[in-house]
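Q: If you look up TrEMBL, you'll see 154-171 marked as compositional bias 'Basic and acidic residues'. Annotated domain 'BED-type' per TrEMBL: 81-109, in sequence order. Taken from TrEMBL, the feature domain 'hAT-like transposase RNase-H fold' covers 433-515. Feature annotation from TrEMBL assigns domain 'HAT C-terminal dimerisation' to 541-583.
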Amino acid sequence: DRGWSLEGERELIKQDLQLLFNFISNQAVNSSFKLITASLPAMKGDPNAGSSSPSAIKKMKKPSDVLEEMREYRDADGNVKAECNHCKKTFDGSSKKGTTHLKNHLESCQANPKSKGRTEELKMLASLIKKKSVGGLIEHFSNTERDTTDEDFDHSSDREGDTSDEKRENSDGLDPSVLKSRKDEILQLYQEEKEKLHQFLKNLSCRFSLQLVALVGLFEVPCSLVVHYIDDSWQRQSKIISFWVDDADIAMEYVKESCLSIHGKICSVLVPFQIPPAYDGESWFSRQGSLPFAGCLRNADGLMDYIDGVLRSEDYFRDGIQSLKECAHYVASKSRSDERIQLDGDVQRAICWLNRVPDPWGHLKYFATAVRVKEAFFELGQLDSDFRTINLTEKKWDEVTATLEHLKFLEDVAVGFSSGKCETPIIVDLPYVHKILKDRCNHPVDDCLFCKKVMKGAIDLFFSKYYLIRVIAVILDPRFKMDGVQLHCKEIHGSDADRCLEKVNKDFRDVYDAYAATDTSNSKSYEMLDAMGRPSSPKSELDLYMKELKVPAVEEFDILAWWRGNAPFYPTLARMARDYLALKIPFDHRAAEGAGALVHGGLLCHYFYGEDIPELIRPLVCLKGFLGTAEN
């Protein structure tokens, strides 16, 4: 008679129900008690539940799942009501009414994330986000808020490739806060797509290469994280999985956060800047998986940043710049006061360029400009004894020329690595560098300050990290195998070629053994026959691969198709190929440019709309990456 409420305190309800069930078990069961017990859920752990009055208890129905998403209560008049947990609408909750009307509401409730209507709405939102810029979304929902027609969704303004939204990005009169009315939908779609993407990546039987694409040089650095992999069909794929705008020093924390679902399957990370010493990202990644971690690699931009920083800290380099500036300043002043000195347009521009401190990344252009005016400076020295005293000596000019050749070499090789050019050397070490530079500028290697101060550090930081990746990629190319490495070692190292090859062979086999150890059931060995058809010693799949005839070295060759077809014969090597050949994908400019465009667009959104909808910028930009491809 006291009535009960699902909103009452749990302990009091349990006590009331216990008393009620005990009473039922000892008294005659009348129709009113049957009604009560049939409508109440059985208590977990109650020894009497289900045991007393079998004829009544057996007929108890399991409470409808609908009630889990409704709040049942009595109003002021004592009527039973049911309130939707999602939209807070109220319905008749009496037992006579049943639950069909409640179920129908939940299926159509726009606030219910499981409803059919919500699903269709999220599909439409996903299509809008994929095709429109953030400015276009704001305009679209502004029109919706003004009760204007939404028919333009299926018309030409939403066609793939339409660029009108980009023009709207800077349109005046747009109110970004209109997206707040869609906040729940946007965040739900973001969470669902993020979970689907991470589950998909987690289920792939391969490892991944991560690429951090950033607009460096800003106080807050916008970044996107791209994952590269070879899918189960042996097709190269790229996917943008995260975006943020924050301090560069904590970028690796965002990387960790974004790849937690695949953190044990990361093969390499390509970054555009030096990882802060306080954060040992390489150690963190190498500890996550059982297979060798290829390393945190620096791209060409990161290498040039490093060189710029080292050069600016070296006295010999600063002294050379200062001497060139003094010469340029003297020539500029003299040309204005001495009619005998007439400078043509190219020389005037060169003098102007040399008369200032080189910009970051401007050292190559600075020294190239200096070398172009070298002969003009010598001619002026013949006419002007004062200039002859401040002009660089022949030895200093040789150092300038050597510095230029060093910088050109570093840029050429770095760009070659980043673009995947075929002529890029397999191994870049000091012997290789010395041989190339001797041919280019004939400078004395032993006395080269640039080699001592800059080149060795650049090799350790940049090229040495690519060493094993490039060696494995060449050996796993059935057109070359060990031949390409052998030719390189013999050409560069001469009599020490055997020592170099021994190291390469050992390093490759160490990686192979690590892969074989993680999946012994699939690693194969083959019983071999000699020339007489008699059994001989068995060979591992690696030995058999090395012994097998090479594929003709034609330029047009689908290496992934070859490995897809030969994976059953070389399962362990195929796993290595799938992981290490995927490392070529970060050098794909389409993916890099697509990720760069996303970073640029995200930066604009951050500044244009960040104050109005800060909590929606990252989900919206990430959804652009989730729903598209890295190239698009």
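Cβ from N, Cα, C; glycine included.
Describe the structural context of these features.
A: Broken down by DSSP into helix, strand and coil, the domain 'hAT-like transposase RNase-H fold' (433-515) contains 72 helix, 0 strand, 11 coil.
For the domain 'HAT C-terminal dimerisation' (541-583), the residues of the chain that approach it from at least six positions outside its boundaries are 206-209, 228-230, 233-236, 267-268, 291, 294, 469, 472-473, 476-483, 509, 511-512, 515-516, 519, 522-526, judged by C-beta separation under 8 angstroms.
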Q: Mind looking up the mean pLDDT for the domain 'HAT C-terminal dimerisation' (541-583) in the predicted model?
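A: Taking every residue of the domain 'HAT C-terminal dimerisation' (541-583) together, the mean pLDDT is 90.
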